[in-house]
Every structure is written in C-alpha cells, then in structure tokens.
Amino acid sequence: NLSTVSEFVFVGLSDAPEIRLPLFVLFLLIYLATMAGNITLLVAISTDSHLHSPMYFFLGNLSVLDLLCPTITVPKMLGALLLEHKEISFSGCLFQHFSLIAVVGTEIFLLAVMAYDRYVAVCHPLRYLSIVSTKLCAHLAVGTWAAGLLNSLLHTSLVFTLSFCGPNKIQQYYCDIPPVLALSCSSTRSRELVTLVVAGVLGSGTCVVTVVSYIYILLEILARNSPGIWHKAFSTCGSHLAVVCLFYGTTICTYVRPSFTYSPHRDRVLSMLYGMLTPLLNPIIYSLRNKEVKCALKGVISRV
C-alpha cells in the first residue's frame, strides 16, 4: 500500500447550518420508513403461507438488499449532518465501498432472475412450480449473492490498490467509485477502462435477460389474446417492471459512463435515487399492485 492518505473527508450535502438540521430530519424519516417497510414485507413473506412461493422468495431477497443498501451509507451521512463528523478511515472507506458495490451488484443480478421467474409464470403457468423449484431458487439466490460479492471484490481491488497521496476530500456522502478514483495520484485510465467494461458487460447482460424475458411475455400475451389477459399479466409483472426501470436507470447513469462526465452535484442526486428512494419505494410498489401482499401486510399490522 503506497498510500499516504490515512482517512478521507466527505464533502457532504450542505455546509449551511440552517439546512443541515432539516436535511437530517428528512433523511432520518426516509431511512426509518425504508426500514419499517422492508422489515414488514419480510415478516409478511415469512409468516404468511400464501406467500411461500418462488416469486416471494426472490422478493424477500430484494427486501434484504433494500435494508442493507441505505444502512451502509445513510447513518454516516446523518452523522455528518448532525455532528459534522465527516471523516472516515481508509479501511472504513474500503469496507463501505465493497459492501455497497456488492449490494448494488447483487440487486442487478436478482432483478434479472426475477424477470426470468415472471417469464416462467406467464409463459409456462402449469409447469411453473416444477421449473422454478425450491432447489433452483436456492441455487439462483446463492448465485446472485456470490456474483455480487465477486463483482465488488474486483471493483474494490481495482480502486483501493491505487496510490492516494494528495487530496482526501470525497465529493460525495459515501465512498463511491468515481469520486474515490478522482483522488488518486496515480494513473487511473486502465482501472477506469476495466471498471467500465466489467460494469457494461454485467449490466448489459442482465438487461438482455430482462428484456428478452419480457419480449417472450409480450409474445405470449399476443398469442393467447384472451379476455383479461392484459390485466392479469400487468398485475403479475407490473411491479417488477417498475422496479427494474427505476433501479437500472439510476445505476447505469451513475456507473456505466466515462469518468470525465462525472458531476458531483448530479451524481449525489442520482445516488440518492438508487440508494435511498428505490429501497423506500420497492415495498410500496409491490404492495400496491398485489392483493396477496396487501392481505399479508394487513395481517402483520393487525397482529402488531
């Protein structure tokens, strides 16, 4: 390790004292609402026997990821807003970076798996439980988490084996790839190229799986042309499609692009969308369009 930098300093969201407290209250409420929504959804899935199916198994994994994603970054941001404690150690920044990229990568792979699950449910409904078996669900879940961890290990090793010997102010409220790369005093061109290629290949690969799955779903709907098929398909796939568009759009705009297009202010907004808003909205989106989830949530709330 050739780095002489022992800690980094987050620039944060605002230095104005009159804004920091309202921002702290706002983001604390969003964080608490995110925790409450996803924990309630997890409890509903685990306790309601009607939700013990592959679709809700993957949804439970998504809720775990939505709990982890803001927990990695938001507490540190809240501490910076309230206590002005903006420093983070080199090893702490490395761990935060690794954890966040692992969670984001795992969620990208999981959304592709969920698209395949929806394809089987619509196109092969009679063989759904035999195709998407318990064994296959377990293998797919382990595979997505393993792929996310390996992807994060690659990106983290590329970034944190660079030399950091000059500025240490990160233009973000957490340790992200573009602002950390910008602080390195060694050449980052080759690392940026590898990062861009890997993110592009993995991101485009999962997008292809999702798009192809929905193309087959659309073709199946057009082929059947039965009454009420559009409404049934939308109720089955609409929630997942909304989550995919929200998550993929923000993450691709953040990571799959050259570093010279990096803009601190714009990227803070984008990172809040996938780091805070998406985990908050996911349980709401799935609850609004799903009668089974609504009934299970009502049961959980009534028991509480």
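Positions of Cβ are set from backbone N, Cα and C atoms, glycine also.
Unlike curated records, TrEMBL annotations are generated automatically.
Positions annotated as transmembrane segment by TrEMBL: 23-44, 56-74, 94-116, 128-150, 193-217, 229-249, 269-288. Per TrEMBL, the feature domain 'G-protein coupled receptors family 1 profile' maps to 37-286.
Long-range contacts of the transmembrane segment (94-116) within its own chain (CB-CB distance under 8 A, at least 6 residues past either end) are made by residues 55, 58-59, 61-62, 65-66, 68-69, 72-73, 76, 88, 140-141, 143-145, 147-149, 151-153, 155-156, 159-160, 174-177, 180, 202-203, 205-207, 209-210, 213-214, 240, 243-244, 247-248, 251, 274-275. In the predicted model, the domain 'G-protein coupled receptors family 1 profile' (37-286) has a mean pLDDT of 84. Sequence-remote contacts of a segment are chain residues at least 6 beyond its ends whose Cβ falls under 8 Å from one of its Cβ atoms, and for the transmembrane segment (269-288) they are 27, 30-31, 33-34, 37-38, 40-41, 59, 62-63, 65-67, 69-70, 73-74, 100, 104, 172-174, 176, 239, 242-243, 246-247, 250-251, 253-254, 294, 297.
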